[in-house]
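Feature annotations, courtesy of TrEMBL:
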{"type": "BINDING", "residues": "Thr50, Ile208", "note": "pyruvate binding site"}
{"type": "ACT_SITE", "residues": "Tyr138", "note": "active site, proton donor/acceptor"}
{"type": "ACT_SITE", "residues": "Lys166", "note": "active site, schiff-base intermediate with substrate"}
Amino acid sequence: MTSGIQMKGIYTALVTPMYENGDIDYDSLQALIEHQLRLGVSGFYVGGSTGEAFMLSMTERKELLEAVIGAAAKRVKIIAHTGCISTRDSVELAVHAEKTGADAVSAVVPFYYKAGIQELQQHYETIMSAVSVPMLIYHFPGATGVSLTVDFYEKMSRHPQCLGVKFTSMNLFEMQQIRDRCGERFLIMNGHDEVYAASALMGADGAIGSTFNMMPSLFMSMFSHAAAGQWSKLPALQAQANEVIAHMLQFDVIPFEKAILHLQGVLKTPVVRSPLKRFTLEETARIAEFYRSNSLLQSSSAQVSKL
């Protein structure tokens, strides 16, 4: 089984490229993967929030994962997000992910219908019992409305198949407590890109991020400096990333990232699934102006990565 040590690093939570009609654009997906690999990422997180997973059908989610695994061709690690509202669907996607060749599965906490802590533990244990690959729990209370406790993670850390947690929360005290109580074997991957430097200090083993689609090399540099204990290098790099993130937050996250990838020459279109926002001509012009003024984003263009 894949260990936490083997999964450390910077993983891009891939966007799902789409045509104007909303169908998945597999040619652009292939281009995105090759672009990311040239820029040195550690792996991919497929079918998560950034990938618009909950607006894709079960068939699309399976086909998307198959395409990514095929394109990556074992060059990097693949974490398949298989989370659904129901345990049954989560198991179906997890079984498919293992058969397709994913290195690990991940699942967000079931949302909308409120389950108790014992039911949530059973949910994850049921998924793990259906496969042999490890599980990375997806902690995202800001989106799910469910904040799993440190006690919960301490219990789950005793399960030999529970790899760790994708921790998408600003509560870095809680992250540090998870590290303290779950031990070094328990993988902690930061999920809020704007606090990656701080999360590394709190014990994160790496990160899974959406903005890595636009600027992966910067975060790879931050990861390398953190691994070498060169903590003084991190604040300036985080500030560069946060300039982009602060501008992005004036818009909508996924549409903005796709707009930048389109400007970088990676995606054919910046299309997102409805009801996500499609930018007006004025908004598109503002984003393009920011892109032209930002050397970090331009350094991650398709033209530069091919040099």
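Even glycines carry a Cβ here, placed using N, Cα and C.
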Tertiary neighbours of Lys166 (active site, schiff-base intermediate with substrate) (same chain, Cβ under 8 Å, six or more apart): Tyr45, Ser106, Leu136, Ile137, Tyr138, His139, Phe140, Met189, Gly191, Ile208
Count of other CB atoms lying within 10 Å of the CB belonging to Ile208 (pyruvate binding site): 28
For Thr50 (pyruvate binding site), the three-state class that DSSP assigns: coil
Residues satisfying Cβ distance under 8 Å from Thr50 (pyruvate binding site), sequence separation of at least 6: Ala13, Leu14, Val15, Ser210, Asn213, Val253, Ile254, Glu257
